[in-house]
Amino acid sequence: MKMRKRPNVLLTGTPGVGKTTLGKELAQRTGLTYVNIGDLAKDGQLYDGYDEEYQCPILDEDGVVDELDEKMVEGGVIVDYHGCDLFPERWFHIVFVLRTDNTQLYTRLENRGYTGKKLQDNVQCEIFQTIFEEAMEAYSEEIVHQLPSDTPEDLERNLEQLVQWTEQWMKDNN
């Protein structure tokens, strides 16, 4: 029996915009496999040192790509990461950049323990649409979409939209 083709989805955006919440719930509703790049790196020790300024490990981007490549070729993967230009363009059928109101984002990041430069830089990243611009440069414009991610209603609306998109993609490609 021929294996059904399933899409690969990238959820990206500044830390704190809701990628993990959306990704886990989307995986549950669609049967796609959820991969959080931070967890993947931690589990596989895919690091290139430590950033003292931001107080966090530095991702081994090549190691992450090597680790994921086979799974991505099979399809049916939701990738969650706050950057997007490290992944090969061929991996994704659609890219969603989650966006959050700056004041809300500031509060969410503060609640996570972000302070100083790390907090300021992440909020500025959202203000200047850095991740969206990165996505538009890294992927074909027609597959990159912005989604508001401020309220529980936004989350539900985004989930419904992504589930519908996934179902339609599977109908069109199988």
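Including glycine, each Cβ sits where the backbone N, Cα and C put it.
Keep in mind that what you see is a predicted model, and the values were worked out from it rather than measured.
Feature annotations, reproduced from TrEMBL:
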BINDING   Gly16, Gly18, Lys19, Thr20, Thr21, Arg112  ATP binding site
REGION    36-59  region 'NMPbind'
REGION    111-121  region 'LID'
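Between the listed binding-site residues, namely Lys19, Arg112, the fewest other CB atoms within 10 angstroms of a CB are found at Arg112. Same-chain residues lying 6+ beyond the ends of the region 'LID' (111-121) with a Cβ under 8 Å from its Cβ atoms: 15-16, 53-56. Remote same-chain residues near the region 'NMPbind' (36-59) are listed as 20, 23, 67-68, 79-81, 86, 117-118, 121 (criterion: CB distance under 8 Å, separation of at least six residues from the stretch ends). Note on Gly16 (ATP binding site): other Cβ atoms within 10 Å of its Cβ, all shown chains, come to 25.
In this entry, ATP is bound by Gly16, Gly18, Lys19, Thr20, Thr21, Arg112, whose most widely separated C-alpha atoms sit 15 angstrom apart. Apart from Gly16, Gly18, Lys19, Thr20, Thr21, Arg112, the ATP site neighbourhood in this chain, defined by C-beta within 8 angstroms of the site C-beta centre, holds Pro15, Val17, Leu22, Arg108. On its own chain, Thr21 (ATP binding site) has Leu155 as residues at least 6 apart in sequence with a Cβ closer than 8 Å to its own Cβ. Secondary structure of the region 'NMPbind' (36-59) per DSSP (helix as H, G, I; strand as E, B; remaining residues coil): 8 helix, 10 strand, 6 coil. Working note on the binding-site residues Gly18, Thr20: by count of other C-beta atoms within 10 Å of each C-beta, Gly18 ranks first. As a summary of secondary structure, the region 'LID' (111-121) carries 7 helix, 0 strand, 4 coil according to DSSP. When pLDDT values are averaged over the region 'NMPbind' (36-59), the model yields 95.
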